[in-house]
Amino acid sequence: AAAMALLGELWAEVPAERRIFCAVLLFSWAVYLWEAFLAHRQRRVYRKTTHVPQELGQIMDSETFEKSRLYQLDKSTFSFWSGLYSEVEGTMILLCGGIPFLWNLSGQISARAGFGPEYEIVQSLVFLLLATLFSAVTGLPWSLYNTFVIEEKHGFNQQTLGFFFKDAVKKFIVTQCILLPVTSLLLYIIKIGGDYFFIYAWLFTLVVSLVLVTIYADYIAPLFDKFIPLPEGELKQQIETMAKSIDFPLTKVYVVEGSKRSSHSNAYFYGFFKNKRIVLFDTLLEDYSALNKEPAEGEDGESEETKPKPKNKKQGCKNEEVLAVLGHELGHWKLGHTVKNIIISQMNSFLCFFLFAVLIGQKELFTAFGFYDTQPTLIGLMIIFQFIFSPYNEILSFCLTVLSRRFEFQADAFAKELGKAKDLYSALIKLNKDNLGFPVSDWIFSMWHYSHPPLLERLQALKDAKQE
């Protein structure tokens, strides 16, 4: 007790800016160590569970089980090393004054272009460009290893090296085209907003997020993947009939060529009000997946951007199973999960901007990170949102994970009410197999990380209705 009291006295004597800096570093490492501990527990499950558990005997064959075990083990090991690198890199940047160095470098570049210190927004945009470029370059080796070693080894990667780099450059350019104008307008609003700038800033980010959600699938996603309308036929008619039965205002159904990039599968819907669209990855559809098709006679299946298709077993779901998966997705809409998530997100955004307005005047926050003479707004946003709010963000993330699992069970129950229990049951098993999901997990790891309930829990919830 005496030692703790002494430590408390010594801590109180440390200048406020040093206490802030040390607290940020200590919390960052505490989070990393917690995540590493959870990952270690899960890797132990991967290593020890080498045979199909009895309760999974009817669901998974031993060959698929072993493939998924080795895939998840490789992913977990990769995640450990990439996470350690990221934590060490972030720590070195803070300890070596990387943020003020990059800010001063941005000022020098701006000055050479004829923009003095009074043009803070211009300097902020140069800083943002350099920071994202640095992040892209340092993250590139990890992304390459993940794609061309791990995903390649386990049969998921469908990209060539040329396609990968072309895609990476395109993503960077598109990101900058959105990020830089939005950031400049946000900084301008904060500058001229007066005492209530946090309200205007929040409203601006709300409008931007709604616009991006609206235009993403129509204008941004097609820059990277090919979207085609689902051809007329039985599946399209069944989707339209199901949508109509629950008053889902469906306008279009698209198939996206996800197989050009990866053999992982997905489906989603988007749009506001009476203009909803459904997007199905071709890897989800047994009848449309390019991975299931043999090259036409005289073709070798190769192009500049696409690797030869592996001759795997049939991938994807039958039409009835696709409808069951969509029944689950539409359940999220019918039960208001999408709206609830938007409301939670915006309430959190408003709270963060309000707290930012309260804290932005604290000079100690800037001096803690090496800004002794200036208090740039962008740096304030970074310090407060990324570092000061990190404990709150961890708690919020966990709460949203718990809520997401609850929503997933409810969406499954909705599909069950549509009479899709049997087909959703088989679809979940197929998707787990196609994506090499490992159905056994450590309970703490699962509780902290899984936004979707474990496979066995979902199947058990569907089992009674399936048997009826």
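Cβ coordinates come from backbone N, Cα and C, glycine included.
Keep in mind that TrEMBL annotations are predicted by a computer and have not been checked by a curator.
The active site annotation in TrEMBL covers E329. Taking all protein chains in view, 17 other C-beta atoms sit within 10 angstroms of the C-beta of E329 (active site).
The feature active site, proton donor is assigned by TrEMBL to D412.
Listed in sequence order, A411, D412, F414, A415, K420, L424 are the same-chain residues six or more apart from H328 (Zn(2+) binding site) with CB atoms under 8 A from its CB. Under the heading Zn(2+) binding site, TrEMBL lists H328, H332, E408.
Per TrEMBL, the feature domain 'CAAX prenyl protease 1 N-terminal' maps to 42-226.
TrEMBL lists 229-464 with the feature domain 'Peptidase M48'.
Among the features that TrEMBL reports, region 'Disordered' is placed at 294-316.
Among the features that TrEMBL reports, transmembrane segment is placed at 20-38 (among others).
Residues of the same chain lying 6 or more positions beyond the ends of the transmembrane segment (78-101) and with a Cβ under 8 Å from any Cβ of it are 21, 24-25, 28-29, 32, 35-36, 39, 43, 138, 142, 145-146, 150, 369-371, 379, 382. Summarising the annotation, TrEMBL assigns transmembrane segment to 78-101 (among others).
Among the features that TrEMBL reports, transmembrane segment is placed at 121-145 (among others).
TrEMBL lists 172-190 (among others) with the feature transmembrane segment. Away from its own ends, the transmembrane segment (172-190) comes close to residues 120-121, 124-125, 128-129, 132-133, 136, 197, 200-201, 204-205, 208, 212, 220, 223, 377-378 of its chain (Cβ-Cβ under 8 Å, at least six residues beyond either end).
The transmembrane segment feature in TrEMBL is assigned to 196-217 (among others).
Residues annotated as transmembrane segment in TrEMBL: 350-372 (among others).
Taken from TrEMBL, the feature transmembrane segment applies to 378-403 (among others).
Within 8 Å of the centroid defined by the CB atoms of H328, H332, E408, the record's Zn(2+) site, lie the Cβ atoms of E329, G331, H337, F407, Q410, A411, D412, F414, A415, excluding the listed residues themselves. With the fewest other Cβ atoms inside 10 Å of its Cβ, the least crowded of the recorded positions E408, D412 in this structure is E408. Over all protein chains present, the Cβ of H332 (Zn(2+) binding site) has 20 other Cβ atoms lying within 10 Å. You'll find the Cα of E408 (Zn(2+) binding site) roughly 9 Å from the Cα of E329 (active site).
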